[in-house]
Amino acid sequence: MAHFNQNFINSIKQDLPSHLCMEDFISYSSKPLRPSIRVNTLKISSKNFIKLMTPKGWHFDPIPWCENGYWIKLDQEVQLGNTIEHLQGLFYIQEASSMLPPTALLSVEQHDAQQYVLDMASAPGSKTTQIAALMGNKGLLVANEYSASRVKVLHANIARMGVANCALTHFDARVFGEYMFEIFDSVLLDAPCSGEGTIRKDPDALKNWDNNDVKGIVDTQKALIDSAFQSLKAGGELVYSTCALSRQENQNVCDYLKQRYPDAVEFINLSSLFPGADKSCTEEGFLHVWPQIYDSEGFFVAKIKKVSSIERVLPEPKKQKNFPFEKASAKKIAEIVEYLKTSFGIVLPSENGIYVRDAEVWLFPEDFHKLIGKMRFQRIGMKLADVLKKGFKVKHEAVLALTSPNTIELTDDEAQVFLMGRDITLSEKVKPQGETIVSYAGVSLGVVKHLGNKLKNNLPRDLVKDKIARYEQS
């Protein structure tokens, strides 16, 4: 049962639109959320995913604002995070409302465009991986996370979902306006907030709500939206979102930006973003999603266009030195391209982004070179392979992100054995094939060494699971 702080109730009454009632808000906020997932179209189409999961007792109800998002019901209770399909990155467990900001950020017309996109507060990665899918793994996506512990989680999800066009940073996002002034075509600021809209997931979210705490959060939000706007190119678009419900964390923060840059800020009306969007649309054109409108978490989404350039206040910082990578030589590029093609049938999307560091070969997003020296990056693109005395050894994250036509397809039971870190015994002995990719549902799971009578497991130890969720046979 949700716990409502009376101070919060008194405050939120003032912000609740006149056509909505407090009783419905409390009623819906006390209900559990409908489980929802987003299909990862970097690996599988929604059509094929539904075809794969329907025989396993999944039922799908489309989420109107995300073309690959679904509310789901299962015939039997299964731990979704431990299913084969989740572990191999076919879907992301994501609350329906949180799929709104990326949808608002990148319209269908912008899908696959070669552009620079910034996600200022990325972890754990639901919106980042959704943006990457909307970009079709093209262009450059900079994903920033301030919390050191959450950067690791962010990278794990990016790797699992097969994201290849991403560069990770670890900064207080207030620095982007200074270090990346007018660089990005699109910016998402899913701002830290009081989390009022998450009460359906966390019944204690409002137990200790205090308006004095909110005032401090608002100051941070204003500084962040200012930084986001400075990092945006003229003509670029910014989406500001929170899972808060009050005007002071939402409309007022957007109004602050408009007052600060009156000639450069234009609010974009989102009333036609999806069928029914008008039900949550404010007079400014923002989406203020209350739990009772779509039976979801509470959320706020605003889209802002930068109609003209602004004056740079701080001088351009000095160029960062000691970039630890160097462009691969033509010889090294030819060798790694040949290795991947001959061994696995993998054809790289581009050879322009191949860099080396010590005995490592990396594939950077093709347009990343323009950002070298602007700031320090935690991780760029993906590691393709380690250089051995003779040849290379492919990395797991590369196998997950790059399509291979030459795989050994595993059964349900074999895929579970593989994800638990065990070797797979073959029914009959054949000629050893060496390094080979194994797949499930036509999507890569990882690398094995084919020894003729068994497949030796090469799954990274930190990805090995003690238990894989199983569906009981009906």
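Here the Cβ of each residue, glycine as well, is placed from N, Cα and C on the backbone.
Here is what Swiss-Prot records for this protein:
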BINDING   Ala121, Ser122, Ala123, Pro124, Gly125, Ser126, Lys127, Glu145, Asp172, Asp190  S-adenosyl-L-methionine binding site
ACT_SITE  Cys243  active site, nucleophile
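Sequence features, as recorded in Swiss-Prot, placed on the structure.
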residue: Ala121; record: S-adenosyl-L-methionine binding site; DSSP class: coil
residue: Lys127; record: S-adenosyl-L-methionine binding site; DSSP class: helix
residue: Asp172; record: S-adenosyl-L-methionine binding site; DSSP class: coil
residue: Cys243; record: active site, nucleophile; DSSP class: coil
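Cα of Asp172 (S-adenosyl-L-methionine binding site) to Cα of the residue listed as 'active site, nucleophile': a span of 20 Å. Neighbour counts of Cβ atoms within 10 Å were compared for the recorded positions Ala121, Ala123, Cys243, and the top value is held by Cys243. When the Cα atoms are compared, Ala123 (S-adenosyl-L-methionine binding site) and Cys243 (active site, nucleophile) turn out to be 15 Å apart.
For the pair Gly125 (S-adenosyl-L-methionine binding site) and Cys243 (active site, nucleophile), the Cα-Cα distance reads 16 Å. In this structure the alpha carbons, written CA, of the residue listed as 'active site, nucleophile' and Lys127 (S-adenosyl-L-methionine binding site) are 13 Å apart. Sequence-distant contacts of Lys127 (S-adenosyl-L-methionine binding site), defined as residues of its own chain at least six apart whose C-beta falls under 8 angstroms from its C-beta, comprise Ser98, Pro101, Pro102, Asp119, Leu188, Asp190.
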